């Protein structure tokens, strides 16, 4: 693990100890300071309208379950087993619906007031420029693979962070980059970027640049017009910065990794390649930053995100400092937003409705989930300290019990223990005059074996043992009694790149689902955190919804197979159109989709976006979630191990977008990954079932069969064919990357043949 620290501006990275008012110095009572944030619940009428709509869907699901229990089976000659399978699946869907109603019951949003972020002992007459002693912030950036995450992507992220607006930024902001791939190219690119930052940061602040990632700024603005002396000065500076950035890009792109290893630092990189790669990136950055700058606030960022709102830190401080009780804001999470996002979200991974509806509802309980990037953490919360902690002992002697506990939790580094002690007990840290004096200490605490025998990775730092450590870490913080806040700003605080194409999207969803499944079956299950810790019950239910995504796979897959099975075996699992009970599943189908559609409309999204997300939910469930479920099942049986899969980032940030050649980025692409086999097979199976059923109806062979499939079964198959239409097109018309490979078609055909054979025997 290569770790690089950079100052936010030229000069040293001297730290001040953090904020804290001195109180009223005179006997005269001061007026209360203006609020830094405002809690805005959803209007009562709107809130109850959404609640009743959700309850209506839930009641229809319960009515369908009652219908199943009362009828017991599909009628004379019907297969009771089919109805039992349907009953189990529908019971699962009803449970998920109840959890969703609970999570969205009390939606809340917070409005920040950075203009009120003024000096200690704030008064209404204090100007907004007098910020006082705001806490320092350590900004932690993670990258893993120089091929999938090009160095220029990381460079733009770092440059945008260094240019953030913050009082005395050179003293209070520090940026750390950890490269889990230990790439000499990434380290070289950051060294090159350091010189460019000396000119870029002042340029951004002088002219109030809104978007401070150079690749985005120069790609979205043409050469400005000059209309006077001031404009002429800006034009000259703009041209100079554009030329310097172009030179930086060329230097980074033209660098050869082998030449870096041969000249200037080869031994250094060889050492890290052999040793440090095994380290855990986020934990390492936490320890390294602790012994170097030890800011009480940490910002965690993925390498493919950049600052889109230069006042993002000030907005975060409004939420971290704006509550009477620190427990109200253990961390502040910014929703994920994407630049150059494809219109109408064709791959269902922009998650706008999830943040606007689901997470705003969770905010009314214990707060937003930690999403892994764009999050401001209290270092105290990351260290596993409960809110409002008051240490019983504050002895300064090394032999005290408090120091012994620190050694047990944080390891044997005296410097790290001292920094942890200052954070835990809100003590002032000594300003760092020269961070180079801590380089050797930083190397020691970043060693591979440092956390052995300590609490790192369990009770301290980011939690080990899951591919979705972000959710697990956030849950642990909530379980200690902390709350969290979703920070919604205009413009959005950070922007990132969303994967495009079938392979990248489904790989990402599979990785998430695998990690979520591992949490569900581990001792970190949220149910245990509610029983034995301080995780609130409704927050636990919200976690179960997200962690239970992959568990939906077997139920949705079984339910999706019921329609083809019943058509192929001349049975039914839904009431006939002529029966009284037919209105229940029909009303459920209409009401659920209408409710879901109205959620997207309320979020300002289009009908096409709703449909794209709906169909992707069906595709993801049958493909990525199914494979994730099987992966974790095999791991629990000791037959396999999970592997972290890096998702490729948008290389337009690195100016390597020359290979578009007219391609349609919103169209589904395929490769030979196993994740495509289940959906391809189910799409084929539904087409076969509809064809067989239509032939029976046309030739009258289904007449006289009391339990023959009805319109409900045909609607289910037809609906799935519509949802899987990208795969149908890939099977029939697709060519190149838009066509499903023959290897996938053959494997899917074999599965279909096996299922049809099974149906004939039944």
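Any Cβ shown, glycine's included, is placed from N, Cα and C.
Taking Swiss-Prot as the reference, the stretch among 81-101, 102-122 described by the feature transmembrane segment is residues 81-101. In this chain, the transmembrane segment (739-759) lies in contact with the transmembrane segment (673-693); the count of Cβ pairs under 8 Å, excluding pairs fewer than 6 apart in sequence, is at least 3.
Applying an 8 A CB threshold to same-chain residues 6+ apart, the list for residue 470 (active site) reads 370, 371, 372, 373, 462. The Cβ of residue 180 (active site) has 22 other Cβ atoms within 10 Å, all protein chains considered. Count of Cβ pairs under 8 Å against the transmembrane segment (582-602): among 47-67, 541-561, 708-728, the largest is for 47-67.
Nonlocal intrachain contacts for the transmembrane segment (541-561), taken as residues 6+ away from its ends with a CB within less than 8 angstroms of a stretch CB, comprise 85-86, 88-90, 92-93, 96, 99-100, 102-103, 358, 361-362, 365, 369, 471, 475, 512-514, 516-517, 519-520, 526-527, 535, 618, 621-622, 625-626, 628-629, 632, 678, 682, 685-686, 716, 720, 755.
Sequence-remote contacts of a segment are chain residues at least 6 beyond its ends whose Cβ falls under 8 Å from one of its Cβ atoms, and for the transmembrane segment (708-728) they are 502, 560, 562-564, 566-567, 570-577, 582, 585, 589, 614-615, 618-619, 667-668, 676, 679-680, 682-683, 686-687, 689-690, 693, 702, 740.
DSSP gives residue 470 (active site) a helix state.
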